[in-house]
Amino acid sequence: MPHPGSSSGKGKEIASLYEDARDSGQWPPYPPPGETELEKALRLEDEREARRVSDAIDQALELELQSTRRKRKEETRLLLLGQSESGKSTMLKNFQLHFTPRAFRAEGDAWRAVIHLNLVRSVNYIIDLLSHTADAQLSHSNSTTYRPHGDVSLHSQGSASPTAATFGQAHPHHRASQKPQPSSEIRRFKLALSPLRQVEMILAKQLSVHEREIHDPSNTISSGRPSEVTVRGGRAWVSLLKRKPQDKAQTQYDQDHAEALENARQILDACRADIVALWASEGVQAGLTEEGVVLREQSGFFLDQAERIASMSYEPTFDDILRARLQTVGVEEHRLVMETAAENGQQWIFYDVGGARGQRASWLPYFEDVNAIIFMCSTAGFNEVLLEDRAVNRLLDSFNLWKTICSSRLLSSIQFILLLNKTDILEARLQAGVQFSSYVKSYRGENDLMSVTDYLRKKFIAMHHHHSPEPRQLHVHTTCAINIDMTSAVLMRIRDAILVTYLMATDML
C-alpha cells in the first residue's frame with residue numbers, strides 16, 4: 001500500500017480536485033496544495049489543451065447554428081392545419097402536382113395500391129352494411145325500433161360523415177328501414193366478391209397500415225363509411241411501393257412484396273365485372289339510399305370508375321391520386337424541390353399533421369420556424385359531426401379550432417392562409433334543399449353557394465381579427481381541392497403571397 005505522500009496518492013488528490021472544480025462549474029481549478037513545479041507545468045498544459053478543445057467545440061457549434069439559420073432562410077416552411085378530412089393532404093398533392101410534377105408522377109405505383117385499397121374497402125363496406133341490415137331486419141321483423149346506425153342520423157341528402165343536428169341540439173334517431181333489402185342479391189355478391197377480403201389484407205399489409213385498421217365490419221357499419229386507409233407518419237410506404245420488380249438491389253422480401261401486390265391486382269381484375277355489377281345494381285343503390293349512405297361524397301370513392309381501376313393495365317391519373325384517401329397517424333414532412341421555372345431549385349417543406357382531436361397535441365412543436373400556416377376548413381361540414389365525437393358539429397369544431405390557432409402567441413407574426421374547401425359538396429347539398437340556416441342559427445342569408453361562402457368568409461375573418469395577438473396578414477380563398485383547374489389558380493395566389501413573405505424575411509424586399 002503506498003503511503004499518503006506517494007505519487008499515486010498525489011495523483012488521486014489532483015484528480016479529485018479537478019472533478020470538484022468541474023462539478024462546481026469553476027475553471028480553471030484551484031492549484032492543489034503542495035503542487036511541485038513539474039506538476040504545475042503539467043496541470044497548466046492540461047488546462048490549455050482543455051480550453052483549446054472547448055473553444056473548438058464552441059466554434060463548431062456556432063458554425064453549425066449559422067449554417068442552420070442560412071439553410072432555414074433559404075427554405076420555405078409551411079404548416080398544414082385543419083380537422084381530419086378537411087382536405088389538407090389533397091391540397092398538398094395539388095402543390096406536388098403543380099410545382100413538382102416529375103417527382104409526383106414517380107409515386108404513381110404507390111398511389112395505385114392506395115386507390116385499390118380505397119376501392120376494395122368500399123365494396124366490402126357495401127356488402128357488410130347491406131348483409132347486416134338484411135339479417136337484422138329478418139331477426140327484428142316484428143320490431144319498429146331497429147336502428148342500423150344506433151343513434152346516428154344519416155340523411156340521404158347529407159354526407160359521408162354522420163349528419164349533425166343544429167348546434168346545441170341532439171340529432172334524431174334513424175328511422176327503421178321500410179323497404180325490403182336485396183338479401184338474395186347481396187348473398188350472391190358476397191360470395192362472388194369474397195376474394196376481395198384477401199386483397200384487402202394483402203394491400204393493408206403491404207402499405208404497412210396502422211394496426212388499428214384491422215377490418216371490423218361492426219365498426220365500419222356504425223361509422224356510416226368504409227374504414228380509413230391509415231399509415232404512420234413518414235414516407236416509407238411510398239418508397240416501399242415504388243420499387244420495381246427488376247430492381248437489382250431487391251432483397252427476397254422486396255420480391256415477395258412485389259409478388260403479393262401482383263397477386264392482389266390479378267384477383268381484383270378477376271372480380272372487376274362483379275364490382276361493376278354491384279355498383280350498378282338498383283337493389284344495392286336502393287339499400288344504400290334507405291340507409292342514408294352517400295358514398296359519392298366521400299374521399300376515396302372510386303366505384304364509378306371500377307371498370308378502369310380494377311383492370312390489370314390500370315395506371316393512376318393525377319385526378320385519381322387527388323381523390324385517393326390516405327389518413328396519416330402522426331406528422332409527415334414533405335420536402336418539395338421546385339421544378340417550375342420561377343421557383344426552380346427552391347425547397348418548400350410542408351408539415352402535414354393529423355387533424356383528428358387526439359392528434360392535435362402534436363401540432364405545437366411545428367408552430368416555430370414556419371413561414372405560413374395553411375388552414376383548411378370543409379365548408380360541407382355544416383351538417384356533419386366529428387367521427388371521433390358525434391356530439392360535435394364539424395363546422396362548429398372548425399370555428400373553435402380556428403379561434404385557438406389565431407389566439408396562439410407563437411404564431412403572432414406568421415402569415416395565415418385560410419382555404420374554405422369542398423365547395424362542390426356544399427353546393428350540391430344546398431341545391432338538394434339542405435338548409436344551411438337549419439344548422440347554423442346565426443345565418444340569415446339565401447341558401448346558395450355564394451351567400452353561404454360569403455358568410456363563412458366574413459365569419460372567419462372576424463374571428464381572426466378579434467383573436468389575433470397582433471395584426472398580421474390573412475389570405476382567404478374558396479377551393480375545391482379535387483378540381484385541378486380551380487385549385488391551380490388558388491395555388492398561384494398562395495405562391496405569390498408566400499414569395500413576398502419569403503423575400504421580406506430575407507431582407508430582399
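Quick reminder: no glycine exception, Cβ is built from N, Cα and C everywhere.
Annotations in TrEMBL come from automatic prediction, not curation.
TrEMBL lists Leu322, Arg323, Ala324, Arg325, Leu326, Gln327, Thr328, Asn421, Lys422, Thr423, Asp424, Ala481 with the feature GTP binding site. According to TrEMBL, the Mg(2+) binding site annotation covers Thr328. Residues or ranges marked as compositional bias 'Polar residues' by TrEMBL: 154-166. The region 'Disordered' annotation in TrEMBL covers 1-36, 140-185.
Ranking the binding-site residues Leu322, Ala324, Leu326 by other CB atoms within 10 A of the CB puts Leu322 at the bottom. Take the CB of Lys422 (GTP binding site) and look out to 10 A: across all protein chains shown you find 27 other CB atoms. When other Cβ atoms within 10 Å of the Cβ of Asp424 (GTP binding site) are tallied across all protein chains shown, the result is 18.
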